[in-house]
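**Q** My structure is below; once you've seen it, I'll send some questions.
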Ligand SMILES: CSC[C@H]1O[C@H](OP(=O)(O)O)[C@H](O)[C@@H]1O
């Protein structure tokens, strides 16, 4: 999407320098920093340190990591070693494993001399596919927003609430949860977005940065405000992203999503999940029991990063010195609390039947 009028993807291949470039999200929204990713360790650090983040973007980044690995050493042993090294970076978003498996399965049959070029072309394809998938999710989500708008007094905005950042910088472009928002705004529908801050990494600030750059009315709210807003009729629809959705429609997403789904159900607010199909894990059925939840560093909870008075960016400790912290980075919303899954092939129920109807070839595999 656009940053100060200039279109960007969240990562791109610099053909002049023959290197991947990323937006280092650790410094957003205060500083826009582009950096090259030149070594396999750089790729692993970029994912682990959340310089790039968001399930689809993690997958696309890993694909370019495999391309670099094949340029360095196209042997079977290095193909497997790169797969292992990249797969170990973050455990929850299934897009990482999906992209790595897709790359390894495509490269294994090739002669080693052909692997580097093929790997780079596949990484480009995965990135381009993500853009198109998210654009289509936007089209399908737009129709839901239109239906809500039609039931409201003319000119009254559709009020959406979103959690975390499932925006264009969490993907290669468009975002998943934000794609319907962008397309509704661009279609002239009046909308307003409640943006959950999303402790502890405050990815909501990234969403606010995105929406502000696109001229979309929004308000930043504490994670604990959503239930109150819903109780007072101030939310027409919740829309979030996902890092892994089971074949039965259980949705793993940023910590706190489950609580929003409970509040939405209690208040009769539709709760939608924007779901690109690479984020579906067809091998698991019970999300709570089977999806690995990343436990991140306690420092992300005990400290908060932000803009300092001197123009720098820094972190302050908000807890007493010595206080420990737990930091589960995701939770699982059972499909029974989800109104619908917005995929690139259309909207379906958060159920095995719903997903099988849209993806019969995958459900049957
Ligand atoms: C479009 S997927 C975005 C998804 O990823 C985020 O997790 P993280 O920031 O830790 O990578 C969050 O769960 C978003 O919903």
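Glycine residues also receive a Cβ, built from the backbone N, Cα and C atoms like all the rest.
Annotations in TrEMBL come from automatic prediction, not curation.
Sharing the record's features from TrEMBL:
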| type | residues | note |
| --- | --- | --- |
| BINDING | 53, 54, 55, 90, 203, 253, 254 | substrate binding site |
| SITE | 164 | site 'Transition state stabilizer' |
| ACT_SITE | 243 | active site, proton donor |
**Q** Across the record's substrate-binding residues 53, 54, 55, 90, 203, 253, 254, the largest CA-CA distance in angstrom?
**A** 17
**Q** List the recorded positions 55, 90, 243, 253 whose Cβ sits under 6 Å from any atom of ligand 1, in sequence order.
**A** 55, 243, 253
**Q** Determine the Cβ neighbour count for residue 253 (substrate binding site): the number of other Cβ atoms within 10 Å of its Cβ.
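**A** Looking across every protein chain shown, the total is 28.
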**Q** Other Cβ atoms within 10 Å is the metric here; tell me which of the binding-site residues 53, 90, 254 scores highest.
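**A** That would be 254, with the highest Cβ count within 10 Å.
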**Q** Return the residues near the residue listed as 'active site, proton donor', defined as same-chain residues 6+ apart in sequence whose C-beta is under 8 angstroms from its C-beta, sorted by sequence, else 'none'.
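**A** Correct list: 55, 92, 93, 94, 95, 252, 253, 254, 279, 330.
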**Q** Specify the count of other C-beta atoms within 10 Å of the C-beta of residue 164 (site 'Transition state stabilizer').
**A** 29
**Q** Can you list, in sequence order, the residues of the same chain other than 53, 54, 55, 90, 203, 253, 254 whose CB lies within 8 Å of the CB centroid of the substrate site?
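**A** Sorted by sequence, the hits are 58, 93, 164, 165, 166, 170, 241, 243, 329, 330.
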**Q** Using a 10 angstroms cut-off on Cβ to Cβ distances, just flag whichever of 54, 203 is the loneliest among these binding-site residues.
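**A** Least crowded of the binding-site residues 54, 203, by Cβ count within 10 Å, is 203.
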**Q** Which number gives the other C-beta atoms within 10 angstroms of the C-beta of residue 55 (substrate binding site), all protein chains shown included?
**A** 28
